[in-house]
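Colleague: What follows is a single structure, and I will ask about it in a moment.
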């Protein structure tokens, strides 16, 4: 892609997100979301492959549906209450409609069906942008909306953690597994949103760091399914040794960074008297942990079958920068001891 066009599109995505962040009026927020969607579409379809075009079309249709529902709900709210302010959503009807529209935008279950299909059709770089940056603007609106319907948020959160774990169990494609991982993590964030927005932000931040290192590691190895993971020993032995730690951090195992948000969320849910919800969420995390263990096993404990003894797969040296990957990997593995400091920063 032409670097000037790429710069323009990235600027458009940044501007769309910033407009949504800064807006207090529904029309302006809607406009920011639309700019965001329209800027990423050429990036998604840049490889003129039928799969990429199909994924782009699915993404456009779901985002357009969500944006239309959002606009309709905000107009309904203005009609019922005479208010266009984001924080003045008092009527339950527009509040529920907007929550569901934003859930469709970020891919919360049961409105998640588009996300694995779309992510599977993209390359890993665009997939990373879709899994991280594109979640920011809708999340900013969900944060401003609360306290909306608390039961609805808990149902969305629990359904997402369960489906995010269940859906990834039988997958062999890494991008689909990462999509279900994204759905499960979003479920955890939505679950705690109304009780502690600061923990939601912490979870979002740690999810971004962990997903960033996972996508970059897969990109360095040029892996898109489980079978190609087995060849990574020959390509990057040091990274292959660290990769299980990154994956288990995504799964939320102590003493890795990913344990921090889950620990704080379960603690907060128990404090709020929602012990059954916390138990269900913790059990659903075991489902996710299974497929991360499966990936770890495929990557580090299996060797790719070769016809000749000791032959390595033919490959070109990777041109990818390793500094971002090194930084994010260190953060993915080592941040748990800093939990008190990070919590204090977010709550102050």
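Keep in mind that glycine also has a Cβ here, set from the backbone N, Cα and C atoms.
Unlike curated records, TrEMBL annotations are generated automatically.
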Colleague: Using TrEMBL as the reference, determine which range in 25-43, 120-138, 177-195 is annotated transmembrane segment.
Modeller: 177-195
Colleague: Could you tell me the mean pLDDT over the domain 'NADH dehydrogenase subunit 2 C-terminal' (289-342), as a whole number?
Modeller: 81
Colleague: Rank 60-80, 177-195, 201-220, 232-253, 273-293 by Cβ pairs under 8 Å to the transmembrane segment (92-115) and hand me the top one.
Modeller: 60-80
Colleague: Six or more residues beyond either end and a Cβ under 8 Å away: which residues meet both conditions relative to the transmembrane segment (201-220)?
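Modeller: For the transmembrane segment (201-220), the far contacts come to 124-125, 127-128, 131-132, 135, 139, 143, 174, 178, 181-182, 185, 188-189, 192, 235-236, 239, 243, 246-247, 249-250, 257-258, 260-261, 264-265, 318, 320, 322, 324-325, 328-329, 331-332, 335, 342-343, 346.
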